[in-house]
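> Here it is, the structure, as structure tokens.
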Ligand code: RB5
């Protein structure tokens, strides 16, 4: 799978670990930064990842900051993005089954790397269920046209 990944300084270390795992699993990964623990602004890294996923250049995006909150808020400003902030494997599975999320956000200061890796695996492996959930996702998409 083609995956775009990004973090701020608060998520840098976990991003590096997740990136290595994804490469080991055979995914094609592009890293949109940041590239150190030096303080940066998370919207500058969430935005390009979300844009590339929205444009269809990447199937999925993964964003990591201290809490995952800033990344998810930013990514969800981009038309076509359904970013889920997830810190447990149940939600990782459900947000694929029911929300067809295309970007995953996590917080390095919230969970450890072991759980984060399991979340990423479950999120990548789970297919969207469609059916009644497709109708609901369409209603989310329709809201993008009503934004002022
Ligand atoms: C950076 O200190 C921190 O605010 C950021 O990583 C993130 O948690 C924001 O939501």
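Using N, Cα and C of the backbone, Cβ positions are placed for all residues, glycine too.
Dumping what TrEMBL says about this protein:
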- 65: active site, proton acceptor (ACT_SITE)
- 98: active site, proton donor (ACT_SITE)
- 8, 9, 66, 67, 68, 69, 70, 99, 109, 132, 136: D-ribulose 5-phosphate binding site (BINDING)
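Looking at the shown structure, what environment does each listed feature sit in?
Packing around residue 65 (active site, proton acceptor) is summarised by its Cβ count: 31 other Cβ atoms lie within 10 angstroms of its Cβ, all protein chains included.
Annotation note: residue 98 (active site, proton donor) sits in a coil segment as assigned by DSSP. A 10 Å cutoff on Cβ-Cβ distances gives residue 98 (active site, proton donor) a total of 15 other Cβ atoms nearby, all chains included.
Neighbour list (residue 8 (D-ribulose 5-phosphate binding site), Cβ cut-off 8 Å, at least 6 residues apart, same chain): 34, 40, 41, 42, 45, 64, 65, 66, 70, 71.
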> May I ask for the distance between residue 109 (D-ribulose 5-phosphate binding site) and residue 98 (active site, proton donor), taken between their Cα atoms and rounded to an integer number of Å?
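Rounded to the nearest whole number, the Cα-Cα distance is 27 Å.
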> Using Cβ atoms only, which residues of the same chain lie under 8 Å from residue 136 (D-ribulose 5-phosphate binding site) while being at least 6 residues apart in sequence?
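Non-local contacts for residue 136 (D-ribulose 5-phosphate binding site): 98.
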> Given 65, 66, 68, 70 as the recorded positions, which ones have a Cβ positioned under 6 Å from some atom of ligand 1?
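Only 65, 66, 70 qualify.
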